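Here is the structure we will look at.
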Amino acid sequence: GCSPLSTSVLQSVMMSKRDNISAGEWACMLFGVGCASAVVFAQSGGLTGNASKTFFFGVAMAVASLFSSALDFVFKGLLGSGSVKLNALDTTCYMAIPAALMTSLLGAVLVKPVSSSWAAHFGPTMTDVAVFSKLWEINPTVFGWILASGLFAFVYNTFVTFMVVKLSPATTAFAGNFNKAATILVSLLLLEGNLPTGIRGVVMIGAIIGNIGAFAVYNILKKRRQSQK
């Protein structure tokens, strides 16, 4: 929910001479992030239980992922609009290779817990390489779906890169935030068939409407600012 803020901060620091963000746009961003966070909070049922060390570790990893995603967006914006000016396809290809190498290396050495059904047959922890090895033994056809999902992910990342360059990193992150909030509502209505009961449902509907309004006003303010340049 906070990805537009982290992206905007890094965009202001790294691309300040190219695309400044006005005070009104910051206000819309903050309001939209608050609405998106309210949607997630209402859907999850709020805080339950006591926070553990694992919880705080998860929070730290979430914050790190936010700024990693923001850096990815800003870096794509720099490659597409700076002196290099790569197109969306080239940028995605060049960034996919180091990303694949890094994730493959981590997947080969990091041991992670697996589901209870896998733990009953293969042990409680496995590396990603070990999981793929077992999948190849059990059902090799799964790798066809893995390759297909990789292709779809590549196409999606190329589209996101195009939007980052065409609009801005902050605007793209804000649009993605709205999509996530709307997706939660659609999944609840179509897949589960109902909204959360009581105040949670009211909060969710209000937050999604607020997110839509914030995104609309943000774009109006941005177009007005750009037309005055």
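Yeah, the Cβs are placed from backbone N, Cα and C, and that goes for glycine too.
Here is what TrEMBL records for this protein:
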TRANSMEM  23-43  transmembrane segment
TRANSMEM  55-79  transmembrane segment
TRANSMEM  91-111  transmembrane segment
TRANSMEM  142-165  transmembrane segment
TRANSMEM  201-221  transmembrane segment
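Remote same-chain partners of the transmembrane segment (91-111), defined as residues 6 or more beyond its termini with a Cβ less than 8 Å from a stretch Cβ, comprise 72, 75-76, 79-80, 125-129, 154, 157-158, 161, 165. Under 8 Å from some Cβ of the transmembrane segment (142-165) lie the Cβ atoms of residues 73, 76-77, 80-81, 88-89, 91-92, 96, 135-136, 172, 175-176, all in the same chain and six or more residues away from its ends.
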